[in-house]
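Note sheet for the following structure.
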Amino acid sequence: MDNWKKISFLVGVFAFMREFRPIEPFYAAYMTSPYINCTVEQVPKELYAVGSYSMFVLIIIIFLVTDYVKYKPVLIVDGIGGVLHYVAITNRPSKLRIQFGQAFYGFFFSAEVALFGYLYAMVEEKEFYQKITGHARAATLTGKFFSSCLSQILATTYGTPPFNALVYMSIFGMSSTTIWAIFLPPVKNSLYFPNKKKIEETSMGQSTVTIYNPQKHKDSQKIDNPENNSVVEPEDSVISTLYKDFKQSYSDPYVRKLCFWWAVAMGGYLQVYAYINVLYSYVLEENEDTEFTLYNGAAESLNTLIGAFSAFAISKVNWNWYSVGDIFFAVGSIIAAGVLLCCVYCRNLWYIYAFYIIYGMMYQTMLTIAESEVAKRLNKKCYGLIFGFNTFIAVCINTIIIFGVIQGHFIKINIAQQFLIYTVLYALLALFFFGSSVLKMFKDEGIVEYN
């Protein structure tokens, strides 16, 4: 088996098991159930907010140390963090214990950046990046689909979600993830922290800028001194090298543009994914409907199934994304904005389920292309740095919305009105990419091929 296929399979299994968390579609319902008895207002303001603040702090640490520990240890600890998160909400937990678990969820989410960093670090051939990104994204969404289907089947069978059973199944999923991560092949060399005992030659990878400007491309070398068998280290410190790599990676306008979409869209996705279940409970409460059977698991399973199919299908499309990407992201973002706007005013839960499914399909499809296109143009050692920074910006957006809107420090709005904020985010992205497309057309650049 080719190496890229082997790594794609191993990472795909990890991603699938990582998403086996059957409690997630009914997490908000569990928090507001008689087992815990939180109100719909307390869930986002006092519980979810802890996880968001935890993400904000930990994502900085994660993307700085990911390369130092060579990715795999972060994946192992990621699974452990998931186990601790769900252990904390077993057996009628107190609010303090739930908040403690949310802190571990912040780490669990933050460590996701190591998954794709590991994938790209283990595969040398960049021509396969679109395929392996699509495979990993499809595996992630398939895991969510299987998990959500199971939770919905159990909820329908018992007439109400068996919350404790779903929590213990989630613990099983996280434990399996941890065990699988232990047996993943290791990344052999740290890219920013090489073994000083070895004499190595390292070179900066070429971004799009250096591809078209070869004179700007210089090799960074270590010099061997044969007299004392020592290694003369480069003058640049790790911090200086990180800064140079960061600057070089973002010197490519195409990468900057895709990273902008990635960060803002992910910031919106974090909010939608966290609060869609709260919206379901809010709508039922507002409609005073106590007899409606929740189909949160079914909605989540369809969301992920269609998203997985879209991510896998788009990975097979051989378009010149530099040429057609602006229109693609503009149209996709405006569709996402449209269905989120419908969630603001709709009070029919069946329609809201449908809007969420459409949103998930569009987001996962666009994210697959954004990730693979950025990865193609990065130096191998920059994956953790750039992916981590994009996620950090997304978490910053998420945290600002949590602090200013959900906790009411800037404005006070209800759960449904929150989705108007998310609508604005995607509408601005659509406007940006439509504008970029028009500018490109006026400049008459034509199609530019990247090697």
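For all residues, glycine too, the Cβ spot is worked out from N, Cα and C.
The annotation transmembrane segment is assigned in TrEMBL to 47-65 (among others).
As annotated by TrEMBL, transmembrane segment applies to 103-121 (among others). Remote same-chain residues near the transmembrane segment (103-121) are listed as 7-8, 11, 14-15, 18, 50-59, 61-63, 66-67, 71-72, 74-75, 77-78, 81-82, 84-85, 88, 129, 132-133, 136, 184, 187, 191, 371, 375, 380, 383-384, 387-388, 391, 395 (criterion: CB distance under 8 Å, separation of at least six residues from the stretch ends).
What TrEMBL records for 165-187 (among others) is transmembrane segment. Sequence-distant contacts of the transmembrane segment (165-187) (same chain, at least 6 residues past either end, Cβ-Cβ under 8 Å): 7, 10-11, 13-14, 17-24, 26, 30, 70-72, 75-76, 78-80, 82-83, 85-87, 89-90, 118, 121-122, 147, 150-151, 154.
Annotation comment: TrEMBL describes 258-282 (among others) as transmembrane segment.
According to TrEMBL, the feature transmembrane segment maps to 294-315 (among others).
Annotated transmembrane segment per TrEMBL: 327-347 (among others), in sequence order. If you look at the transmembrane segment (327-347), the same-chain residues 6 or more away from its ends with a CB under 8 A from one of its CBs are 261, 265, 268, 272, 279, 283, 286-287, 321, 355-356, 358-359, 362-363, 365-366, 369-370, 416-417, 419-420, 422-427, 429-430, 432-434, 437.
Summarising the annotation, TrEMBL assigns transmembrane segment to 353-370 (among others). Within its own chain, the transmembrane segment (353-370) has Cβ neighbours under 8 Å at 130, 133-134, 137, 141, 258-259, 261-262, 265-266, 269, 272, 276, 295, 298-299, 302-304, 306-308, 310-311, 314-315, 321, 325, 328-329, 332-333, 335-336, 339-340, 342-343, 346, counting only residues six or more beyond its boundaries.
Packing against the transmembrane segment (382-407) from elsewhere in the chain are residues 44-45, 48-49, 52-53, 55-56, 59-60, 62-64, 66-67, 71, 110, 112-114, 116-117, 120-121, 205, 242, 245-246, 248-250, 255, 259, 262-271, 275, 371, 374-375, 413, 418, 421, 425: each is 6 or more residues past its ends and has a CB under 8 Å from a CB in it. Annotated transmembrane segment per TrEMBL: 382-407 (among others), in sequence order.
Long-range contacts of the transmembrane segment (419-439) within the same chain, counting only residues at least 6 positions beyond its ends with a Cβ under 8 Å from a Cβ of the stretch, are 257, 260-261, 264-265, 267-268, 271-272, 275, 279, 326-327, 329-331, 333-334, 336-337, 340-341, 343-344, 397, 401, 405, 413. Feature annotation from TrEMBL assigns transmembrane segment to 419-439 (among others).
Sequence-distant contacts of the transmembrane segment (258-282) (same chain, at least 6 residues past either end, Cβ-Cβ under 8 Å): 25-29, 32, 40, 43-44, 48, 51-52, 250, 294, 296, 325, 329, 333, 336, 340, 343, 349, 352, 356, 359, 363, 366-367, 370-371, 373-374, 386, 389-391, 393-398, 401, 406, 414-416, 418-419, 421-422, 425-426, 428-429, 432-433.
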